[in-house]
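Over in TrEMBL, the protein carries these features:
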type: DOMAIN; residues: 170-498; note: domain 'PDEase'
type: ACT_SITE; residues: 249; note: active site, proton donor
type: BINDING; residues: 249, 250, 251, 252, 253, 290, 399, 450; note: AMP binding site
type: BINDING; residues: 253, 289, 290, 399; note: Zn(2+) 1 binding site
type: BINDING; residues: 290; note: Zn(2+) 2 binding site
type: REGION; residues: 497-523; note: region 'Disordered'
type: COMPBIAS; residues: 500-509; note: compositional bias 'Polar residues'
């Protein structure tokens, strides 16, 4: 049996894990969880020698003791007890099952067969569970099955699958989130969360909700606005539930926009310049800004005369819908994080969120940017109009600033966006609607889609923001300029490749014609 050996450290202690190359990813995760003595719901992350997060799976690259990975429990349940302690305080059948599974996997790594004693133990546990689950009056024991969630990658055929999340999918993530919601996230991750370099791809949806919860806590919203933890958790779950299974405008995009907004708040020290309600408006607007997006933009909505276009009279149909869904969630008492605020405070928050979310309609881009530019010579943080414009600019920057992130984070997002764009243009062609030029798969390439966008939309927006906050230049301007250089070089390489291909085609065609002339009997 071919195996891999991975060397890593836990709290500075050298460890190693050996596993078959074809074993399930969950087995590998369980091995690392056991090595870290982590609780069943703790969040583990594996770091490369360079400090970047790498995925714990069978695809891990084998290493040597001199190039150890670093395993960390980045969020932990402070009340977690060492293995075996659960039996001292009462029965936890789930823990027994997990320990048995872990034991069985470890045995299988070193021996091809499972000893009969393990089979017997499993049989007894299964029998005991069956008896308990068939007795309704013992439901208070709170037994549950572990429904592990795999990482969901956007499907290239998303328009052929259910757009909305299934009930089973939502409940699985909700259960996992609630189990993790009391975890204490490490200071290292809390600081990382405040930077534009944060890598969203290494975090599952339930973990993302934990991180969103951290943002509300670390900005003091929970304490300042008397937000009950259960209400915040229900709000975040409802938000997760109302983002659809589409390649780009999904829950991970919601998180990225919110995380960028969160980072900008800390990097610009906005807490000393604006009051807490404005910061709450900005963060919650980012969370809600694309709720129930279907993957088709406003141009499609209007041209196809969809229900949304009819309902909102062709005026920012998507953004109006995102706002409406947000306040549907906030109308329910169990998910209304603003329910302990005064009517005046709620009114102000509602007005601010509507302004921010409607500002993400790109047809209003120049209008909003020009107004903001006019305030810069005499920007005043005590002027409400100036602050409103800044809030709109910040959510716009957060919404379209993937290229300010490291290329290994940003480029997969571009692939997702093009996937969604191409799907829309395909549907537009099928339905005989005007085809949006920058979405046409027959005309658009990856570099061509980004060069114009970065040069004429993103950079001018970021440059104006850095006039007010020069400290942001290093964080957002420099990476975007590097991205522009990267895609410019990619376009040049693509052009050379196309020229070489066209040249080879001409040579082949010329040779065919010469062969025909040399052979008069060829016709």
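Glycine is no exception: its Cβ is also placed from the backbone N, Cα and C atoms.
Keep in mind the model is a prediction, meaning the values are calculated, not measured.
Structural mapping of features recorded in TrEMBL.
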| residue | record | contacts (Cβ under 8 Å, 6+ apart) |
| --- | --- | --- |
| 249 | active site, proton donor | 243, 290, 293, 295, 420 |
| 251 | AMP binding site | 205, 208, 239, 240, 243 |
| 252 | AMP binding site | 200, 205, 208 |
| 253 | AMP binding site | 243, 290, 413 |
| 289 | Zn(2+) 1 binding site | 254, 257, 319, 322, 356, 357, 360, 395, 399 |
| 450 | AMP binding site | 403, 414, 483, 484, 487 |
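Secondary structure by DSSP for the compositional bias 'Polar residues' (500-509): 10 helix, 0 strand, 0 coil. In sequence order, 249, 254, 257, 286, 293, 360 are the residues of the same chain, not among 253, 289, 290, 399, whose CB sits within 8 A of the CB centroid for the Zn(2+) 1 site. Ranking the binding-site residues 290, 399 by how many other Cβ atoms lie within 10 angstroms of each Cβ puts 399 at the bottom.
Around the Cβ of residue 250 (AMP binding site), the number of neighbouring Cβ atoms within 10 Å comes to 23.
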